[in-house]
Amino acid sequence: MIISAASDYRAAAQRTLPPFLFHYIDGGAYAEYTLRRNVEDLSQVALRQRVLKNMSDLSLETTLFNETLPMPVALAPVGLCGMYARRGEVQAAAAADAKGIPFTLSTVSVCPIEEVAPTIQRPMWFQLYVLRDRGFMRNALERAKAAGCSTLVFTVDMPTPGARYRDAHSGMSGPNAAMLRYWQAVMHPKWAWDVGLNGRPHDLGNISAYLGKPTGLEDYIGWLANNFDPSISWKDLEWIREFWDGPMVIKGILDPEDARDAVRFGADGIVVSNHGGRQLDGVLSSARALPAIADAVKGDIAILADSGIRNGLDVVRMIALGADTVLLGRAYLYALATAGKAGVANLLDLIEKEMKVAMTLTGAKTISEISGDSLVQELGKSLPAALAPMSKGDAA
């Protein structure tokens, strides 16, 4: 198969992966309205083409948390990467490291912190949920610090699991799920050999290290469901801020007031995110939420964004809407499932090339020159009437 764009990796991943794994990452919550809008809204952000600007000295470099990055991109935390490729977290981290961008290890990774961190040169980031088991949280933070992780990404939009109906049909959960997964693996021999057999153990490495026993897929679903904490508030984050002395990023912000609270709390960054449409269906797409948040806190805190980003053009759009850096999730996982480290490396090269084309044709020589002036109109004003936000008089 010819891979010429990030979308090609999605098609290839669907052929490679057992359905329960493909649909787990490809799907969203409820009817997947927000999942679709993440992509659709971003795709309709119209860029302002400029010409004859002498773009020979174009640069994608940016600075984030006192580090220079070759482009404003990092790999987002994605659970179960090690089920999508053999020791998937190690391969994805290696690709990010070679490119010089951050890799974020998920709490629910297959490969534990101690397996991934020594394989790369630059410090990785670590993502943590707020869980009932504060002992696990402290243990994870201590291990992340010991491994040299530089930045903590604290996910706050999962006080309760989202309702992901697709998982019940695909075999990730629901009746007879284990049997469905077995037969799906049999029908996908390449994955079964490379990952299913040779990619073992499939423990949730960070959780197994804490519990002192193996944890499989069923444990993942049950342990997380029982440990999400709906009582979470900003006060619960105070002891983490005291414990963690590196940059701390709050992931899951969609409202300007929550962004202001993050500034008051003393966070170093936020991620404008709806969890890729996997939590509450019907909330704003990240592209729609971002401009108001940028208006509220730009310059006071680093603004990262995810959800709906599929290519380099989308990266430029998010920067123009107000982000400082973006996180890639699904896009890199499709590439990882298709071709491992080489797939992720190629995806990052594609995104870099697409960004250079977009910046050249919008007259932005540097990342700092990408702004609202790079857009024809702000998102919402340039959308077709059917997609534009309803006025009060239009509301049913």
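Indices start at 1 and increase along the chain as displayed.
From the backbone N, Cα and C atoms, a Cβ is placed for every residue, glycine too.
Cβ neighbour count for HIS275 (active site, proton acceptor) (all protein chains, 10 Å cutoff from its Cβ): 24. The active site, proton acceptor annotation in Swiss-Prot covers HIS275.
Look at ARG278 (substrate binding site): DSSP puts it in coil. Residues annotated as substrate binding site in Swiss-Prot, with sequence analysis given as evidence: TYR24, TYR129, ARG164, ARG278.
In sequence order, LEU290, PRO291, ILE293, ALA294, ASP295, LYS298, ILE303, ALA305, GLY372 are the residues of the chain that are 6 or more apart from GLY322 (FMN binding site) and have a CB within less than 8 Å of its CB. According to Swiss-Prot, the FMN binding site annotation covers SER106, GLN127, THR155, LYS251, 306-330, on the basis of sequence analysis.
Mean model confidence of the domain 'FMN hydroxy acid dehydrogenase' (1-380) amounts to 95 (pLDDT, 0 to 100 scale). Annotation comment: Swiss-Prot describes 1-380 as domain 'FMN hydroxy acid dehydrogenase'.
Between the C-alpha atoms of ARG164 (substrate binding site) and MET318 (FMN binding site), the distance comes to 26 Å. There are 29 other CB atoms within 10 A of the CB of MET318 (FMN binding site), with all protein chains counted.
Under DSSP, TYR129 (substrate binding site) is assigned to a strand (E or B) in the three-state scheme. Under the three-state DSSP scheme, MET318 (FMN binding site) falls in the helix class.
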